[in-house]
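Chemist: Below is a structure I'd like to ask you about.
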Amino acid sequence: MKRETVPVRKNDQLQVTIEDLTHEGAGVAKVDGYTLFVPNTLPGELVDIKVIKTNKGFGFARLLEIKKESEHRAEPLCPIYHQCGGCQIQHLSYDAQLVSKQKQVKDVLERIGGLKDVTVHPTLGMEDPWRYRNKAQVPVGEEGGLVIAGFYQKRSHRIINMDECLIQHEENDQIIRVVKNIANKYGIRAYDEEKHRGTLRHVVARKGKVTNEVMVVLVTRGKELPNKKNIIEEIQAQIPNVKSIVQNINPKRTNVIFGDETNVLWGEEYIHDYIGDIKFAISARSFYQVNPEQTKVLYDKALEYANLTGKETVIDAYCGIGTISLFLAQRAKHVYGVEIVPDAIADAKRNAELNGITNVDFAVGEAEKIMPWWYAQGIRADVIVVDPPRKGCDAELLETILSMKPKRVVYVSCNPATLARDLKVLEEGGYVTKKVQPVDMFPHSSHVESVAQIVLEEEAGTK
Ligand SMILES: C[S@@+](CC[C@H](N)C(=O)[O-])C[C@H]1O[C@@H](n2cnc3c(N)ncnc32)[C@H](O)[C@@H]1O
């Protein structure tokens with residue numbers, strides 16, 4: 001039997017050329033066919049590295065010095081980029097990020113899905129790829145007797161104080177600073193996760209970018225919040241557009257941010273925002289897309305790929321709060337949405353009502369169980385839209401699609417690898433993938449979202 005040998009050892013220093021970028025944003029080098037992952041490097045760069053860990057099939061190395069720099073290397077704008085870990089590819093110019101995401105989707109579709117000829121369009125990016133996030137949630141700690149808030153240092157639970165995050169809306173940064181100052185002024189102690197003592201665990205800030213409404217959530221260990229009245233007055237005075245101040249109580253020893261109990265301290269339970277013409281009510285714990293501008297780009301593309309005339313019955317599987325369903329409902333005869341989280345379906349129904357949209361039905365349950373049940377009830381979809389979590393579609397759900405035989409399937413994916421795996425199943429079942437459009441929902445991170453149009457073989461000649 002052939003023995004696999006690892007050609008490098010821990011602490012070896014060597015010079016390599018970076019050949020590729022992983023989907024997590026690390027450079028890839030090969031030494032005698034052995035793969036080394038080197039963070040903070042870019043394809044084409046000649047670099048000196050030090051090996052820090054070797055496994056059987058691959059290893060990790062640290063960058064020592066760049067000998068020849070990539071023309072696409074950019075100076076990260078964020079001063080804490082290397083400590084934070086929230087962004088992975090700020091050191092790559094934005095144009096090159098978009099090209100790299102397109103290549104990543106194309107490569108994975110070929111490698112995992114065997115889809116050699118499918119058209120993968122250039123990634124749709126943002127004109128201004130900074131300050132795009134509408135929600136911040138930061139842990140609170142103490143340093144030198146003062147309350148701090150920021151992010152966990154990479155691979156640790158040590159909180160690094162942060163004044164601003166350049167992918168975050170400025171106003172959310174402002175809210176975090178204001179709450180820190182108020183906590184220090186009124187002696188509110190930060191939660192200490194080791195001793196399970198103290199009060200303030202997290203601050204969550206949410207902003208409706210179109211409506212300009214703001215929500216401040218204080219996550220505390222217990223019900224008690226000393227100086228509540230002063231805290232409310234100070235937040236109102238310093239954040240004039242605040243519409244909602246909420247306390248969430250999380251008494252558990254856990255990394256999960258929210259507890260089960262949420263109380264409005266002042267103002268409304270919800271703030272509102274729009275994606276396109278559709279209005280959404282957002283509560284402290286509601287899911288809502290963090291980059292609504294690019295969500296509109298993604299869902300417009302999904303709508304274009306659904307190619308609706310107003311006569312179609314559409315199923316939106318994994319529908320969440322019904323964002324895509326409500327988009328589709330404007331152009332379809334009827335939309336059925338299914339989602340596993342009951343609170344999300346409650347939000348979906350509320351949002352349908354808020355917008356006066358009546359041609360939608362939402363069901364709570366596993367899409368792979370509800371869809372065969374709908375099928376048995378005689379419901380036939382002309383178009384099926386799926387937007388599954390990272391693990392992709394359940395096999396049973398793909399089988400139901402193949403039995404229902406919709407004319408078109410629109411697949412919205414946050415993981416090109418599972419997209420490729422599922423497209424292969426659909427292609428083997430008589431469908432053709434016509435086109436795939438990557439959309440950059442999270443600039444400077446390695447995430448890539450795509451939407452694919454898949455049509456029945458006999459429909460493949462049509463739009
Ligand atoms: C990528 S999100 C889709 C978001 C949605 N398009 C929206 O705009 O809110 C995936 C959703 O699938 C849901 N989900 C996960 N497994 C599911 C299953 N087996 N059946 C139905 N929904 C599921 C998750 O709760 C999550 O809301």
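Including glycine, each Cβ sits where the backbone N, Cα and C put it.
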Chemist: Can you tell which of D382, D387, D394 TrEMBL lists as binding S-adenosyl-L-methionine with Q289, Y318, E339?
Modeler: D387
Chemist: So if I draw a 10 Å sphere around the Cβ of E339 (S-adenosyl-L-methionine binding site), how many other Cβ atoms end up inside it?
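Modeler: Result for E339 (S-adenosyl-L-methionine binding site): 27 neighbouring Cβ atoms inside 10 Å.
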Chemist: Compute the centroid of the Cβ atoms of Q289, Y318, E339, D387, then list the same-chain residues not in that set whose Cβ lies within 8 Å of it, in sequence order, for the S-adenosyl-L-methionine site.
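Modeler: Neighbours found: D316, C319, G320, I321, T323, I324, A344, P388, V412.
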Chemist: What Cα-Cα separation, expressed in whole Å, is found between D387 (S-adenosyl-L-methionine binding site) and C414 (active site)?
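Modeler: Cα-Cα, rounded: 8 Å.
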Chemist: According to DSSP, does E339 (S-adenosyl-L-methionine binding site) fall in a helix, a strand, or coil?
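Modeler: E339 (S-adenosyl-L-methionine binding site) sits in a strand per DSSP.
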Chemist: Do me a favour and check the Cα-Cα span between Y318 (S-adenosyl-L-methionine binding site) and C414 (active site); whole Å is fine.
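Modeler: Checking the Cα atoms of Y318 (S-adenosyl-L-methionine binding site) and C414 (active site) gives a distance of 13 Å.
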